[in-house]
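Engineer: Copied straight from TrEMBL:
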type     : residues : note
TRANSMEM : 129-153  : transmembrane segment
TRANSMEM : 195-222  : transmembrane segment
TRANSMEM : 234-255  : transmembrane segment
TRANSMEM : 267-288  : transmembrane segment
TRANSMEM : 300-323  : transmembrane segment
TRANSMEM : 344-377  : transmembrane segment
TRANSMEM : 383-411  : transmembrane segment
TRANSMEM : 423-442  : transmembrane segment
TRANSMEM : 454-482  : transmembrane segment
Amino acid sequence: MDSVVYQHGFSIGLTGQYAGKKEQKYFINNHLTFTVKFHKDEQTDAARIVGFEVKPFSVRHEYEGKWDDKTRLTTCDPHAKRTVTSSDSPQEVEDKKEIIFTYDVEFKESEIKWASRWDTYLYMADDQIHWFSIVNSLMIVLFLSGMVAMIMLRTLYRDISKYNQLETQEEAQEETGWKLVHGDVFRPPANSDLLCVYVGNGVQFFGMIVVTMIFASLGFLSPSNRGGLMTAMLLLWVFMGLFAGYASACLYKMFKGTEWKKITLKTAFMFPGIIFAIFFVLNGLIWGEKSSGAVPFGTMFALVFLWFCISVPLVFVGSYVAFKKPAIEDPVKTNKIPRQIPEQAWYMNPIFSILIGGILPFGAVFIELFFILTSIWLQQFYYIFGFLSIVFIILIVTCAEISIVLCYFQLCSEDYLWWWRSYLTAGSSALYLFLYTAFYFFTKLNITKPVSGILYFGYMLIASYAFFVVTGTIGFLACFWFTRLIYSSVKID
């Protein structure tokens, strides 16, 4: 069935040339034809408006005599039922020349039911691009899954069998690889408090996204309820503070931390504080421009109330529950003296491997990212949450697998400082996301005002920072599971 794709809004004019002339002229759309569609309910015999269309025309209106209240146009006359159907004689914009603006309205019965009135706006004409994006991302996932399967089934199985068959201490000392660092691999990292905070905030954000996706995919967050999506995300983020406190406290206790109130306060205030500070500055700029798009003071107060009075207490509850439980036991004992890390190959340089690790997760989502940016900044509707959910699952798998692969290579090089690197490997995809938003700004948007540019980059910085926290947490938790799995499978004397 053929579907009509609507443009959101209409152009106020156009440029062109008269036949046989090269000079560029400007024409204004001074006539609008409104078509109001209504649907009749057979049971109640009542009718409700289910949509409307606007067609702009450029028409040089003509009339006889001088203009007054009783003047009738010869080009558009309701009494003679003469309507405008084309722009054969367009209205040129000329200095100190009059322009007459007109419109006509037509009511037309429609088969569209009241419940389906939004389907017009949600129709996606280019869904093939989304499928191409998903197939492209799945190829990346299959490639990474093959590498992980090879590591897990072949290399690790062979290594574990060989390590477990060693009989003498001399034979064990001759071995190289990931087993040699078993006494240091679970040593708490530098700035372990900060890592705990970031993992807690990542769990909070991840939970918010997953629940939002489920509700949106089931159709609970309809576009007819304006702002419903953002309200749902904010409320979910507030209530997910429980899991943020629990995750950060569990990790902190595993690192032998004792000041649980300190880590809880950092989890409750650091990440939201940074986001709120950037948002407050951007909102101040909008206030300065006297724009109606500024968030009112009452709404700002409500956000702070939700943060301080609901989210913060829930973070404390989560932390308290986690600290009451026994700490996570390491599969192997940690040596008292740190092992010296041998000189690494150039490709195992932390910065290089971290930057390489972020390319594939970004590659899995960048096509969908284009549509999201278009919906935010070019007033398009984006409600294809089915596609978005598939892409998000692919992102999770890609972040987990690339982090595991690079973590394994790192441990094989006898470098046991994997904690922060596992977080930053997947999290570095946020850097590519921010660079892509900058590319989008200069190639797709025609923003000239400095304040508008600052707003764009400010909001994209917030989005990239949130993306960093989510992807970094996914990569870290995947490596945390992987290292515990492999080191619990070998016999350590």
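Backbone N, Cα and C atoms are what each Cβ position is placed from, and that goes for glycine too.
Curation plays no part in TrEMBL annotations; they are all automatic predictions.
Here the structure is a predicted model, which means the values were calculated and not measured.
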Engineer: Where among 195-222, 267-288, 344-377, 454-482 do we find the most Cβ pairs under 8 Å to the transmembrane segment (234-255)?
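Structural biologist: Result: 195-222.
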Engineer: For the transmembrane segment (195-222), give me same-chain residues lying six or more residues beyond its boundaries with a C-beta closer than 8 angstroms to one of its C-beta atoms, as numbers and ranges.
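Structural biologist: For the transmembrane segment (195-222), the far contacts come to 118, 189, 228-229, 232-233, 236-237, 240-241, 243-249, 251-252, 255, 257, 263, 266-267, 270-271, 315, 383, 385-386, 388-389, 392, 419-420, 423, 466, 469-470, 472-474, 476-477.
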Engineer: Of the listed stretches (300-323, 344-377, 383-411, 454-482), which one yields the highest count of Cβ-Cβ distances below 8 Å with the transmembrane segment (129-153)?
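Structural biologist: Comparing 300-323, 344-377, 383-411, 454-482 against the transmembrane segment (129-153), the winner is 383-411.
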Engineer: Does the transmembrane segment (344-377) make contact with the transmembrane segment (267-288) through 3 or more Cβ pairs under 8 Å, each pair 6 or more apart in sequence?
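Structural biologist: The answer is no, given that the two segments have fewer than 3 Cβ pairs within the 8 Å cut-off.
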Engineer: If you count Cβ pairs under 8 Å, which stretch among 267-288, 300-323, 423-442, 454-482 touches the transmembrane segment (383-411) the most?
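Structural biologist: It is 454-482 that shares the most Cβ pairs under 8 Å with the transmembrane segment (383-411).
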Engineer: Which residues of the same chain, at least 6 past either end of the transmembrane segment (454-482), have a Cβ under 8 Å from a Cβ in it?
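Structural biologist: Result: 195, 198-199, 201-203, 205-206, 209, 271, 274-275, 278-279, 281-282, 285-286, 357, 361, 377, 395-396, 399-404, 407-408, 418-419, 422-427, 429-431, 433-434, 437-438, 441, 445, 447.
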Engineer: With Cβ-Cβ distances below 8 Å as the criterion, list the same-chain residues six or more beyond the ends of the transmembrane segment (267-288) that contact it, or say none.
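Structural biologist: Same-chain contacts beyond the ends: 196-198, 200-201, 241, 244-245, 248, 294-295, 300, 303-304, 307, 311-312, 315-316, 319, 451, 454-455, 458-459, 461-462, 465-466, 469.
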